[in-house]
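Here is the structure we will look at.
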Amino acid sequence: MGVCLRRNARLTVFHLLRHSAVLRKQPPFRLHCAVSSAALVEDHVFDEIPEFETWRPALTYRHEGRSRAFAGIPEAEAWKPAVTCGREDGRHVFDENPEVENWKREERSKFRLFSLVGRVLKSLNWEVAWRIRFQRVVNEHGFEDSVMALRMIVHVFAVAGMRLEVYALLRDVVCYFKELDADVLEELTDFLLDRLADVVGLAVIYNVLIKVFAANSMLKNAKDLFSEGTKIGLEPDVYSSNFLLKCFVEADREDVAKELFDIMKNRGPAPNVRTYTIMLNSLSKLNLSADEFLSRASAILEDMENGGISCTIVTYGTFIHGLCKVGAIEVALDLIRTMQKEGLLLNDYCYNAVIYGFCQKGQLSEALEVLEEMRNCGVFPDVYSYSILIDGFCKKGDVEKSLSLFHEMEVSNIKPTIVSYSSLCYGLCKAGLMELSHGFFRDIGYRGYEYDNIAYDILIDGFVNQGHVDSASRLFQEMINHDVDPCTSSFRNIIDGFCQYCREGNSQEALKLDQDIFRTSYMYTTVINRLCKEGKPEKAWELLAPMLKKNIFPDVVMCSILMDGFAKNSKLKEARKLYGKMLKAGMMPDVVTNTILINIFCHEGHMYKAYTLFMEMIEEGLPLDDICYTSIIAGFCRLGEIKKAWALFNQMSRKRVLPSVFTFTCLIDGFFKQGRMDMAELLFHEMKRQGVAPDVATYNVLAAAYHRTGNMKKKEEMLLEMQKNGLETVEWMKD
């Protein structure tokens, strides 16, 4: 990415500021829209372009010996002053030219913008600079002038060492360009890193721009800028390099992070302790074994030592945290004890990592010993130390110890966090102490914390499990009223409670709980689906009447679920009845609905009705799937009409509908019952060729066929193949 100088006329303005000799060579009456106009007069700010005299110079400007006319004015004429500049009526000779009027408007806009820039450059006032928000300025003054103004301010702030201000300005413009084409962004980078700029300021802009790209997830741009710096005579400093390294580690790009680390070691900037700490932290994200982690971490620490770089407490803490993450908790504890003996400083982060590791392994007594050892070494436990232990004991079911630790934390003037409360509430709910858990839950609000969906979910789940669905429903409603977004498990828990009432025949009581919770068809559909899967479609049906009273109308999906529920529970009459009501209500059945009805007709032996509906679906252009084909194929196989079933199977192939294992199994069974074992075996091999794995039912059908035909050798082959594929054999097959 070589830096390309922009030979655009607008750039002349900035160079005039830096090269006063050029300014002295200009004619005395040349018109300039430069920031120097505002800088020359102490207290004057141009709000608009000053009125011109009757005589005015030619409307051109020069750039590097070349003349450039403004748009709409021929270049040959642009060099000449107006021959007649005034008229008897007092109007200017150019007043009738619309192009000149447009030019005047542009110049007024330009003067307003660059006068504001002048104020910034004189005072280095950040509040004034921040008013030049890039997107707004582009909308008001156009792209070219906006970029020019930004470039001036950024370079001056950079020379003044105002890094934070430079960062904010560059972030503003980079975010504007983030969604644009990469070439435009590259051109902007080249423009900002103009080689004629001050070297010190250029280095600041270069390093800040790397951080801006990295912080805004534009890692490729940051990496390219980092790599190409040497080509334009720039080298990133260690701070921007470390920031980029950290961003790649957080993005799980360990390969690029390693590449950057090697570049820093070989070409610079030289890594510091922060660099090595970042690389240590990257190891804990790689899911390494304990041995692999120790090997690679030791190499990094050895490299530090060879470079004369001493570890800080943060480096040791990162190493200890990594050891605990890979399960080497004892090694981490030994390291802590060695450091303590050598008089090295330790902090709670080091001990907390070990405490957490022991709790994760269920070694709570060892975790308590580390807590005590921590105190003896003069390192005071913090809220995280106690929260980890409380969570560990609650998960183990030792609520008494959890309450003791919670009390100990408060006595030590350590304010519990919402995580501490949530862990304790979980343990109390698990122990069935809902009243006590609810009391601690309310303490969260009294302490000034904002409730999150995790805390609510714990209590809702606890109340549902204890059968207090009304309390769970009130909490769920409270969560919605407080603008806390329910998580998936919260919905699942409240639906469980709702279904529990319906399951027990208390539909009316359940509906009293819903209030605003079950005001959508989606929620009712979820509950109906759950009840149908549990084999209770009648209970699901009871929900329709009160649902309609609330002006919530069932859709095709809900009706299909109910039909399927009735059909699978051998209540075919109710399913057909519901289908008729759908048609009367003007509801158009979809493929799923019709497939369910076809399946019902097939089970009743009404193949004419099933096939008629099947053909109607084809005529209507509905996309038939393998389930629909399998339903009608199974119906024909059941009646012994194997030729029709085979014809439909071939139609599936022609329409490129992939058969499922159920399709193949139905046909294999149908051909066997017709005495066509050759076709049954052919289909068995064909399904494996197509990558459709036979299931227990398929093997069961074939084994039964071989058993009845007396082919015990083939039957044994089926049994061995089943065992090889990890499928359990049925008892009769072993006889």
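Glycine is treated like the rest: Cβ placed from N, Cα and C.
TrEMBL has this to say about the protein:
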- 237-271: repeat 'PPR' (REPEAT)
- 312-346: repeat 'PPR' (REPEAT)
- 347-381: repeat 'PPR' (REPEAT)
- 382-416: repeat 'PPR' (REPEAT)
- 452-486: repeat 'PPR' (REPEAT)
- 520-554: repeat 'PPR' (REPEAT)
- 555-589: repeat 'PPR' (REPEAT)
- 590-624: repeat 'PPR' (REPEAT)
- 625-659: repeat 'PPR' (REPEAT)
- 660-694: repeat 'PPR' (REPEAT)
- 695-729: repeat 'PPR' (REPEAT)
Surrounding residues of the repeat 'PPR' (695-729) on its own chain - C-beta under 8 Å, 6+ positions past either end: 661-662, 664-665, 668-669, 672, 677, 680, 684, 687
Within the repeat 'PPR' (695-729), residues counted as helix, strand or coil by DSSP: 27 helix, 0 strand, 8 coil
Distal contacts, the repeat 'PPR' (312-346) - CB-CB under 8 A, six or more residues away: 273, 276-277, 280-281, 283-284, 288-290, 293-294, 297, 301, 304, 353-354, 356-358, 361, 370, 377, 379
Tally of residues which DSSP labels helix, strand or coil - the repeat 'PPR' (382-416): 27 helix, 0 strand, 8 coil
Tally of DSSP helical, extended and coil residues in the repeat 'PPR' (237-271): 27 helix, 0 strand, 8 coil
